Amino acid sequence: MKRDLHQFQGPPQSRLSNHVSSSSSSLPVSKDKMMMVKEEEDGGNMDDELLAVLGYKVRSSEMAEVALKLEQLETMMGNVQEDGLSQFATDTVHYNPSELCTWLDSMLSELNPSSDPILPSPEINNSFLTGASDYDLKVIPGNAIYRRSNQFAIDSSSSSSSNQAVNNQNKRLKSCSSPDSMITTNSTTPQIGTTVTTTATTTTAAAESTRAVILVDSQENGVRLVHALMACAEAIQNNNLTIAEALVKQIGFLAVSQAGAMRKVATYFAEALARRIYRLSPPQNQIDHSISDTLQMHFYETCPYLKFAHFTANQAILEAFEGKKRVHVIDFSMNQGLQWPALMQALAVREGGPPIFRLTGIGPPAADNSDHLHEVGCKLAQFAEAIHVEFEYRGFVANSLADLDASMLELRPSETEAVAVNSVFELHKLLGRPGGIEKVLSVVKQVKPVIFTVVEQESNHNGPVFLDRFTESLHYYSTLFDSLEGAPNSQDKVMSEVYLGKQICNLVACEGPDRVERHETLSQWGNRFGSSGFAPALIGSDTFKLASMLLAHNNGGQGYRVEENNGCLMLGWHTRPLITTSAWKLSAAH
Amino acid sequence: MAGSDEVNLIESKTVVPLNTWVLISNFKLAYNLLRRPDGTFNRHLAEFLDRKVPANANPVDGVFSFDVIIDRQTNLLSRVYRPAYATPPSVIDLQNPVDGEIVPVIVFFHGGSFAHSSANSAIYDTLCRRLVGLCGCVVISVNYRRAPENRYPCAYDDGWAALNWVNSSSWLKSKKDSKVHIFLAGDSSGGNIVHHVAVRAVESGIDVLGNILLNPMFGGTERTESEKRLDGKYFVTVRDRDWYWKAFLPEGEDREHPACSPFGPRSKSLEGLNFPKSLVVVAGLDLIQDWQLKYAEGLKKACQEVKLLYLEQATIGFYLLPNNNHFHNVMDEIAAFVNAECQ
């Protein structure tokens, strides 16, 4: 009987999951058993499985030590006056509660300040590496507009001539950087639909295959619509293009019958499926960057995702820049520079006064030859002047971040200038280009940043199987669109939907290097960063709190939620995290 | 005395496995930081510290889950847990009709003394998954609004809304009679919510087949013997209980309020009502056991069917980890209770 199968599958202990330890925890975990939990680097010291399932990492071997710390903490807390305890809780910054041992240590040392402070890691010895670029296309830097020694306004005497020079350079830029002349080291033939006929669930153990779903629409038509979308994607997966074509037409009708988020999402996915079926080239994503920028601004206005990204990244940067007199931010995601006024403001009013602030903005070339990076720099310079922050700016145009070399960035010795590297929704674009991300990460390492802030979509849209990518992204964007429904109807909102729609189209209709929306999860990025020589720079409860408060203030406490995860912050719609801000530093070995 | 606290700590360590002790002590200390003397709650820190897990439509150990927004006005969300299908489920099949002559549906209310935790808290996500595996049922975990931001009756209203949603979900209907076979279950404050939602159900004609109350949170103004005897000894203090009641009950109310004391002088009698049968689990080292025992007594006196499970050496939270006999005993009892009608 089917029900018996679900109901009882053996004796209680073994039925319950791989995580059950069949004996009490006082016995050491057998070293022969290879568990399927996240491994510690030291294979012999396994985390207690039962606590791991509940979100706490405690090595079995240190359980007694942790218990002792809990007792000590309780005693110390008992000695604090009642008011003092909640004040202490508010004033203390907490990090990474999953690591119970370190959390307890920090609490103990906070309550007992006489203990030794944690010493900073020794200065890393610098030697600037100038590795040769693997790529033929070189980055052509824009004019360095603001000299460090000058005042922070534009040097007006040279502006007209420099503009001319910039225009000439831009012309040259365009011809060099058009896709026709781009030489890639690997060309993959774009595959529209694969012939893989595996079932929907992947069996790779590499990345966790968690499918977080929020059902926001249980209506009959909504279900049929999702059904049709999935069936169409499956038909494409199996190369049944005739069936796929029939389904995509049906989807069009069903979509119209829907209301709200589901209609919009379905429409975008249907269009993308149609493009894939008919092998229509997608809208010129690569070139229309000015349109992308505009759309992103609307997205910025309509919903909190970008604001959260900027805010949380800035907090991490601010913290890393503490005490530094000269700072340099390298922004991989310059766009309209929306992130930087707030950081500059915070630096302006910080204790000890503002540092000298240098900004290097990197972005793709504009379709209309305008040097938009220059314009953005000018605006920021004006702002800097108004708030009395010494400012220097340089814009770099590059088709891909992988075209950058550290030597172009005019780095200064790290003793004199602290560097932060920032990337918001850019890194995933490198994953379609062999060696791309590795190159960029190696450049970041050469830069020797005090902090490397990364914001990415929290979803795996880069799996090898088309149907899986389709399913993941359908749920991801359904949730995202649902969150937008609460916003008042406006031009901003419509444009935000177009912004997201372009991502959907790229993700579903494109393949090979054209498919740039290759989102991956925090655990995937974490693995990549970890094996590239980065360690997490934990984001704490203070940032969490401020981000939550800003959310509540701006969005009236709707369904947005901030979550802490392994020292990173995620912003989600209800229970589904949608974007993650993480911060990284060079690990001790590097 | 200086030594007595030490003795208390050691005592609680002897009755639970070490990792359980670590887990519950950690909660205790963290929670101490969150309650402010003025009755406010450090919600931001609470959410930061709470370990959450996403739903997962991919089955893990035979169970998959997904979240549903039940009411957008109140942001009421519930997490649905289902036994995995024979073939790997496509995501469109999440709300496929339940497959069975009789399929119990447990509406679950997580604990946290009305202030802590959520449906997506790791401890409760894990517990609900275990319930599905053990009972072969569907579990719906309700993410009710919490105190002190949302006092009585918000949690009950949310429970009621969830019950109605479950009752009218066609995909949850058992084949035998085209009705949803509903059980209510909850621990701590969740157990309290079970009682009050059941009362509303009975008064409104919604059939609830059984109530499961794990260490339910009840109280009163009087200081009972167990409260005095066990105060501070096994993770819980009378003082913190008082704080949570003050945070949940309407301003100015005391613990004789019917929400807190369902068989107290201010409560309506259950006599004559077709109240669901109840399984009441009481931990012998829980300081509020006298109130829980009074509750079971009250049901008996009102001629309602009740089975009392008194676990002598169990502390609060024993059901969070499957590393003790109490856990397995109680899970077996719950399975039997829920599947009784299938015999």
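Placement of Cβ uses the backbone N, Cα and C atoms for every residue, glycine included.
Small disclaimer: the values here were computed from a predicted structure and weren't measured.
The region 'Disordered' annotation in TrEMBL covers A:1-32, A:155-190. Feature annotation from TrEMBL assigns domain 'Transcriptional factor DELLA N-terminal' to A:48-115. Summarising the annotation, TrEMBL assigns region 'VHIID' to A:296-361. According to TrEMBL, the motif 'VHIID' annotation covers A:327-331. For A:427-431, the entry in TrEMBL reads motif 'LXXLL motif'. Summarising the annotation, TrEMBL assigns region 'SAW' to A:509-585.
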Counting by DSSP, what is the helix, strand and coil composition of the region 'VHIID' (A:296-361)?
32 helix, 12 strand, 22 coil
With DSSP as the yardstick, break the motif 'LXXLL motif' (A:427-431) down into helix, strand and coil residue counts.
5 helix, 0 strand, 0 coil
Which value does the mean pLDDT take for the region 'VHIID' (A:296-361) in this predicted structure?
95
Residue counts (helix, strand, coil, in that order) that DSSP gives for the region 'SAW' (A:509-585):
29 helix, 26 strand, 22 coil
By DSSP, how many residues in the domain 'Transcriptional factor DELLA N-terminal' (A:48-115) are helix, how many strand, and how many coil?
46 helix, 4 strand, 18 coil
